[in-house]
């Protein structure tokens, strides 16, 4: 199956030509991105979109206004071929210490935040769109719109922030971005099961229960695949005969976890993300030194190509004349109505994001109030997190195509409006917010300030005692449990991380990980 449907498939030669042209444009995009590497205003996503716009314009002129595409987008295959390497690499390359130190904050942003943002966007659209004389959307459509525009762009955000310059912000935005994408997709799929004719409070609660089931089972599946892979690599030690086999096993097991999740109607994004984290934490230490270097670069290269591919196509799709003509039919050619819809979505996105970033940041600071090694999320940090998360990208595009098109083609003018709206929002947020995010970070958080208070101790305090010890008396264990509970209430994040670290060192690593030195700990 091809990743995209060919626009012209009358013969084998015609099928090869568009692929060749697109790959050539992709190579050109990589070269231009390299030349602009030092530019503080431009990142890879912006470069790919601009080149896509230019390429689409040229193709449009050559075809005399018939099409701006070389290839036709297929949203289903996007989820099968392009998204898995991006998400897996995100989990595999994550700095686990930073990620898990901020795990509760990341999960609150990525899960609770999506529900808050989605609710505001869906209800706001349902209230404002009819006032703009834009009608024809169902309740399921509005709920889908909430999920579509709640998905932040992990790719673009991570290219704006730098892990060495702003480690705390990078950890929060990176973690939220991946969990946010997974939550948005899970919520979107749950919404599709709603019986619109019988939508009520129980239906909303049922969606929440479906979400909890999908989220927990997907995570467990990813963890299980990661542990199985680690155990196989440790027990069989593939590297003594062939490093190719151990690299191939990691890659195929990661892809298998994603496909199993999709086969069982779970969240493949969440599954492959946690699979990547577990493989990086355990399996990576069970392979040879050469395989460690190879896996890092190979997985990152696959992710990079997929990201650039997607943004390049988004730039071309912005010039799809047929969609624009059809959307204008629904709006009776009113430019003001179109602008009203675009502005409405952007404003609702900003409000929805602010509604959870600032309150949840305050809550996170309260929970970490006694953790001496955990810096607070300052108001400047909150502004940057809010701003950086306003960008929308590949997942929003894919979900919009899945909701409002059939294999990239829409025959409903109302649905065409929502597709073009999604394209406009992605372009505007990526280009405008992407251009301004770097200067904003440098203005609000100079390099010295951004790193202040971020460095943490390399190890968790050894004074933290286990909850139970079989070598101690029952009275001693009860006193120890009482002290541990008191510590949990006073410093919940620090205490949970401390106990996980001890459990990991005592039980998990001896089973799933070969003895190593100088490794990054969670």
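Just so you know, glycine gets a Cβ as well, placed from its N, Cα and C.
Taken from TrEMBL, the feature transmembrane segment covers 15-36 (among others).
Look at TrEMBL and you will find 28-441 tagged as domain 'Cation/H+ exchanger transmembrane'.
Here the transmembrane segment (48-65) has Cβ contacts under 8 Å with residues 25, 28-29, 32-33, 307-308, 311-319, 321, 427, 430-431 of the same chain, all six or more residues outside its ends. If you look up TrEMBL, you'll see 48-65 (among others) marked as transmembrane segment.
The transmembrane segment annotation in TrEMBL covers 77-94 (among others).
Taken from TrEMBL, the feature transmembrane segment covers 106-129 (among others).
According to TrEMBL, the transmembrane segment annotation covers 211-232 (among others).
Annotation comment: TrEMBL describes 267-285 (among others) as transmembrane segment. Panel annotation: around the transmembrane segment (267-285), residues 79, 83-84, 87-94, 96, 99, 178-179, 181-182, 185-186, 189, 214-215, 218-219, 221-223, 225-227, 229-230, 233-234, 250, 253-255, 257-261, 292, 295, 508-509, 512-514, 516, 519, 522 of the same chain, lying at least six beyond its termini, place a Cβ under 8 Å from a Cβ of the stretch.
The transmembrane segment annotation in TrEMBL covers 297-316 (among others).
Remote same-chain residues near the transmembrane segment (336-362) are listed as 105, 108-109, 112-113, 116-121, 124-125, 128-129, 132-134, 149-150, 327-328, 377, 381-382, 385-386, 389-390, 392, 417, 421, 424-425, 428-429 (criterion: CB distance under 8 Å, separation of at least six residues from the stretch ends). Annotation comment: TrEMBL describes 336-362 (among others) as transmembrane segment.
When Cβ-Cβ distances below 8 Å are used as the criterion, the transmembrane segment (383-401) is approached by residues 45, 73, 75, 78-79, 82-83, 86, 109, 144, 147-149, 151-157, 160-161, 166, 169, 172-173, 176-177, 180-181, 184-185, 188, 307, 310-311, 314, 317, 349-350, 353-354, 357-358, 361, 377, 408, 418-419, 422-423, 425-426, 429-430, 433-434, 436-437, 440-441, 444-445 of the same chain, each at least six residues removed from its ends. For 383-401 (among others), the entry in TrEMBL reads transmembrane segment.
Positions annotated as transmembrane segment by TrEMBL: 413-436 (among others).
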